[in-house]
Ligand code: AOF
Ligand code: ZN
């Protein structure tokens, strides 16, 4: 790794501290370097608050060093007046010596304009440093802006035979561990979705009680509104979107989205795009998961397996493993929750 890559790697590390907390904004980290020494660092914490570059600039003690410094940022500095003024203008105004960018920002409002402002001001700017890693960091943000739909993660638990096991019942020890792991997965994403059967069978609240984090927006697919309002998915802990074929409108923290049963996934994608939902984790059940697979609407699958580890003293310890697969890693038709 060369020095530019090392500093962008640090930007990525910083950015990741806010995973799950910046929606609908991206994860961004920034580092300011003077004569081979880091003199400032920052990352974007939350939508509406300072961008990464501004937090890095604010952390520099001796501002006189800035015109002799390079600012590293994992995403192209913004060029627009949004909730905050454009970072590219701030960089121009302070007269940095050089700007090093990880990935360009495909958001319509930026899309090369930030880099151009900087270059037009006579500041050297390079981009595409650890580009793949920076794109991966913001896979949710990029998928949302480029595909006009959220990044979709399928999640299920498997039994030994490789098929989804509805009766997956881990023992007490692994139960706590699995719960914590699942709550962390939820906290990382902007929204979480289940179908009618899962809501009725398991009565989940779909919140992140066992970890620190923001509760995702809950999405329930319930065409005939069979799930009673007293069920946990409707509690006040988070917002709930209900895709249904009965009514439209908002009632307190519940939003009803009316759709037909055919092609409802496309209506759902449109609604989620309008709501600026950047990612969604599908927690089942098997019928719902299969519908996303059949429509080819997914990006990643996370599979949890319940296993028993053989310990050295001969006893069995309950354990679980988890694997994340990118869609490209699956061959056609490899996933089916139904045995033929
Ligand atoms: C961030 N943090 O560190 C950078 C961003 O509404 P605003 O003003 O916060 O602008 C959000 C957009 O700014 C976002 O969609 C992205 O295109 C750009 N860059 N955003 O939240 C940052 N550098
Ligand atoms: Zn900005």
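Here the Cβ of each residue, glycine as well, is placed from N, Cα and C on the backbone.
From a predicted model like this one, the values you see are computed outputs, not experimental measurements.
Substrate binding, as stated in TrEMBL, involves 186, 206, 209; the candidate among 93, 275, 283 given for that site is 283. Note on the binding-site residues 202, 283: the fewest other CB atoms within 10 A surround the CB of 202. The binding-site residues shown are 157, 198, 206; of these, the one with its CA atom nearest the CA of residue 51 (Zn(2+) binding site) is 206.
With the fewest other Cβ atoms inside 10 Å of its Cβ, the least crowded of the binding-site residues 87, 157, 206 in this structure is 157. Among the binding-site residues listed (51, 78, 87, 186, 202, 206), 51, 78, 87 have a CB atom closer than 6 Å to some atom of ligand 2, in sequence order. Candidate binding-site residues: 51, 206, 283. Those with a Cβ under 6 Å from ligand 1, in sequence order, are 51.
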